[in-house]
Each structure stands twice: as structure tokens, then as C-alpha cells.
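Student: The structure's right below; bear with me while I get my questions together.
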Amino acid sequence: MSAAIEKETGMLDVGKHCAYCRQLDFLPFHCSFCNEDFCSNHRLKEDHHCRWLLEHEEVHKTEKSPSKSRDGSSSNDEAYFKSLLPERASVRIQRVSETREPLRGSNTAKVSSTLNSKTLDKIFKFFQRNEKRKSNNKSKKNFGSSSNKIIQLANLKKIAKGDPKIPMQNRIYIWCYLVDGDETDIAKEDTRMPLYINKMWPVGRAMDYLSIQLNVKSSTLTNSSSNDKFQLCKLKEGKQVSFYNIGASLRVTNEIKDLDTLYLVHNNADEKSN
């Protein structure tokens, strides 16, 4: 009797039940990852939530989590791979500006040390006298806004003097004072000259050009270059009144911009020796 039942059961043993939904399927699919049989609806690993996927996901999470070293510090693989990727343009530009700023600060500190006490005294006396004259002129308008700066630049272009051979796109329009320290010729020092120079020039060449435009006596430039006879100074930005010397080897395009006020300070023989 039992043999007959076994034989009958064997005859009916066609197809297999799906391990996921228990539905009988005559063409079952065998999953080699979890070693189970599934119907056509659950033949994929994702469809029957294969154990291999779950185990693989746990291993992946373990590998991805930060591992702690002996000293307790954690090493993040994700941070390491991000460091290998190029940074965004905005981040790169910000980092370049941050690295350039200290360079300019260190350069300014070095240049400031080249202004000896007599030169500083000369330019400060000139500046104080000039500011006092401005404060007495109460009717003078304030041109501090950006819109007024545009008007100022347009007016400066109309009266500025310079070499007509300089291309229009290379011209930088400035105001320039000659600071000589000669008390007998204060009117000449108080004259602010509207000029334009070439932004492609070295500062040393601009100093030569400015000394000629400011009608410096020819005897001043004999037996020596204007770089030795003069220092080109500029007022630092900020509330505190402070000047720095623009080095002759620097470029105009990097140091001078439109509407800047420059001070061409004459060095006497005894000042150079200090």
C-alpha cells in the first residue's frame, strides 16, 4: 500500500512550489545564490528578496562605515576619494583669492620698510596740508558713490594728458601729485595732474613718464635714473592713514587702477643714503 502511494506521489511530482509565494510552477527557476526554486514572477534576486542580496548589503555597509585605528582616530574612505576629485570652480577661485591676499600683505610690509623717516615725514606733511584744504572747502560735493565714480572717470578722461600712442584699451586714468618737500613751491605741490598711463608698463617706466609729465627739472634726473630719484607712493585702503611704495619692478596693471591718486615723492641725496 505504501509503495502504491509512493508511486502515485512520484507520478504527480511535476513542477515545484515557489519558495516565495508557494505557487506551483511547472517551469521553476532555480536561484544559485540562495539555492531555492521560484516561479517566473519571483525569479530575479530583487523579486524574491534573495538572502545573498541582504548579506551582500550588510557587508557593503560594514566596509563603507569608518574604521577606527588603534589611536581612536577614524579614517573616512569617502572623504579620501572626494579629495581626489577636482573641486568646484567657486571653491578654487576662493582659495586662489585667499592665497593671493597674504602675498600682497607681505609685499606691502616689505615695501613700507623702504620708506625712510624723511620720505614719510615729507608725504605726511603734504597729505595733512591737502586734507586741511579739502575740509575748509565745505561746498565740495562727495563723490564717494559708485555712480559718481563713473561720472568722475568720464570727466577725468576729458582732461587727462598722456601719450596719444597708448591704445585706448590700455589706458589707466589717474591723478598724480609731485611731493618735493620744497616749502617755497607749495602751489606746485598742490597741483593735482590728470594723467593716463599704459597698464602694460612696469611701474619703473611709469615713474619715468610721470616725472616728465610733472615737469621735473632736468637736473634732477641727471646721472641717475628716476627709480633712484623718486618713489611712487599710494594711500592704503582703510581708516588709518598709511602709505606704501609701489616697487619699480611691479606691473601697472596689478598695482594701479582708474581714479587712483598717486604721489611721486622726490628723494633727496641725504634720504637715499639713509
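These residue numbers are counts, starting from 1, taken along the chain as shown.
Cβ coordinates are placed from backbone N, Cα and C, and glycine is handled just like the others.
Keep in mind that what you see is a predicted model, and the values were worked out from it rather than measured.
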Student: Among 12-58, 153-199, indicate the range for which Swiss-Prot gives the feature zinc finger.
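Tutor: In Swiss-Prot, the zinc finger feature sits at 12-58.
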Student: So if I measure Cβ to Cβ from C39 (Zn(2+) 1 binding site) and keep only same-chain residues at least 6 apart in sequence, which ones fall under 8 Å?
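Tutor: Correct list: C18, Y20, C21, Q23, D25, P28, F29.
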Student: For Zn(2+) 2, what surrounds C31, C34, H48, C50 with a Cβ no more than 8 Å from their Cβ centroid?
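Tutor: Neighbours within 8 Å of the Cβ centroid, excluding C31, C34, H48, C50: A19, F33, E36, F38, K45, H49, R51, W52, L53.
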Student: Would you mind checking how many other C-beta atoms are within 10 angstroms of the C-beta on C34 (Zn(2+) 2 binding site)?
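Tutor: Counting Cβ neighbours of C34 (Zn(2+) 2 binding site) within 10 Å gives 17.
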Student: Please average pLDDT over the zinc finger (12-58) for the predicted structure.
Tutor: 82
Student: Could you give me three numbers for the zinc finger (12-58), the DSSP helix, strand and coil residue counts?
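Tutor: Split into helix, strand and coil, the zinc finger (12-58) gives 12 helix, 10 strand, 25 coil.
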Student: Measuring Cα to Cα, how far is H42 (Zn(2+) 1 binding site) from H48 (Zn(2+) 2 binding site) in Å?
Tutor: 5
